[in-house]
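Data first, discussion second: the structure below is written as structure tokens.
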Amino acid sequence: MVGGLVLSQAQPHQIATPRTAAPAPGPGPVLEKRPREQAAPCGKSSSSSAAAVSARSVDEVRTAHARHIKLGLDRSPRHARPLLAACALSGWPGGMELAASIFESLHEPEAFDYNTLMRGHVISGGPAATLRLYADMLEAGVAPDSYTFPFVLKACAQLAALQQGRQLQAHVVKLGFQRDRHVQNSLISLYGKCGEPALARLAFDGTESGVRTEASWSAVLAAYTRAGMWSECLASFGAMVRDEGWRPDESSMVSALSACAHLGAHDAGRSIHCALLRNAAGINTIMGTALVDMYAKCGRIDKAAAVFGAMSNDRNAWAYSAMVSGLAMHGEGREALRVFDAMLREGHAPDAAVYVGVLNACSRAGLLDDGLRCFDRMRLEHKVSPNAQHYGCMVDMLARAGRLDEARALIGSMPPTAGPTDTAWRSLLNACRIHGDLELAGHALQELRRLGAANAGDYVIVAGMHARAKDWDAAAALRTEAADAGLAQCPGFSAVEVRGEVHRFVSQDMAHPRSRDIYEMLHQMEWQLRFDGYEPDTSELALDVGEEEKRRVVAAHSQKLAMAFGLLSTPEGAPVRIVTNLRMSKECHAYSARISEIFGREIVVRDRNRFHRFRSGACTCRDYW
């Protein structure tokens, strides 16, 4: 513990504790706030100092420093301050070492000088040195000011040092800086980057309304985004714009668009896009990429392509990666390869991320030969080393094509740095379900157990295969084993957006305020289907019950409830967009296709693997799923 701050095993920085410590100032000077424009540590104390500020290299600063030493000014913080700033904040190679030397020679450095050096360490990627310097500052009796804490808190965020960050918050309160907007924003950002959205929100709520800024909202939205709390992120964005009247900045909009993408909230995402067009002179690459990702994940690949096309010369590798991945989700393998070729023609070097999208596109469209060529091109031409994701895509591609033995052999040939991984074995397991290979499915489950990565869904797949083979004892044993291991299956749900609001349903759901209307609509849908000769497929239902009970279970599936509510609540002819965390079953697939034909509606379903777009009784996946 140093100065009340408990430090972890941080690497010692290059600054010695000052030879002469400044006495601790009284309460008045400590809490006195310097005007914010003075935060930039520079001055005009001498001609050599002024020259240092505009110096173009560390050598010129060394020359100015030598002149200071000759004149006896090197120990004066007032004269050495511009030199210190020039070295610490320039980003020059060797700049921080010279800044450390200048700082060490100072007689009684002040908080301003500590802040400058701490800021330099944060910028140059030395967060541990920043924390060590803060502890030295306290030990030397130099009181922190409001400019100190943003730098130190940012260092904690870079290190994900939650414990030290909480101690720093106590220092903030003790010194009376909890009303400083920059300090509070840094606290919110720290907790968000440490994976503590609840603490980030608590810090945000503790900030007085008049102190909050766009940066405050942006920090809390980013905290929700990192934690995957998409609903909370979108709700907070709405409160920011509607209730507080703030005009969102770029960071806030990117967070909100990411939330819309994961929730499938197309209407909300489109509203953000419209607001952006009204209030911004143009859409930059970051915003364009976020819009491409949002539209693709909300089922509007046509809009994603339009935004991507409008980006023109602003496209970078990330934009291409978003477009390729979006096309892969929609099973548009040929178009994804065309976009990838355009990326190469424009001179962008493909990285590991874009190749994941390319291989996924080939896998989901059944383009085995193209996928094999791309895999070779990635390794041999572009020198991108395959990682676990690339091998997972290749295993999935081979297994979906029915080449299960080759997929298994590829898993065995994966280098230790890339696998074998649970993703690869799970891809093989899912393909075994499609092709009915129970023996290989059992082996894949055994390997997942060995890796300690088996989840409840893996057991359910193999148990379901045993159930379809009428081996009820084996199916029950697997389900019991999963329960004894404490593996709880993630509750299945389906969600549909109506007038900007996302409605979520689970199987047999009766909690929705309009549940009576929904079940009445569901009854009408069933009646129409039966009149059309449709019979529900219960073969994938792993229950040892009568056929009538199986029909009752599948009739109120969460996806069907969401579809009924969508048909009931959207205008005639409007598409119904559904997002589910489940794998699309054969029964739901056939059901959705028939409903799209009978009701003359386009039904778009995003399951946990890909998109299914049903029009006039047919699906764009061409049953390759």
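Using N, Cα and C of the backbone, Cβ positions are placed for all residues, glycine too.
Curation plays no part in TrEMBL annotations; they are all automatic predictions.
Annotated features, as they stand in TrEMBL:
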COMPBIAS  45-56  compositional bias 'Low complexity'
DOMAIN    533-625  domain 'DYW'
REGION    1-57  region 'Disordered'
REPEAT    110-144  repeat 'PPR'
REPEAT    213-248  repeat 'PPR'
REPEAT    316-350  repeat 'PPR'
REPEAT    351-385  repeat 'PPR'
Close approaches to the repeat 'PPR' (316-350) from elsewhere in its chain (Cβ under 8 angstroms; 6 or more beyond its ends) | 285, 288-289, 292-293, 295-297, 301, 304-305, 308, 356-358, 360-362, 364-367, 370, 374, 378, 382, 384, 606, 610-611, 613, 620-622, 624
PLDDT averaged over the residues of the repeat 'PPR' (110-144) = 90
Reported in the order helix, strand, coil, what are the DSSP residue counts of the repeat 'PPR' (213-248)?
-> 27 helix, 0 strand, 9 coil
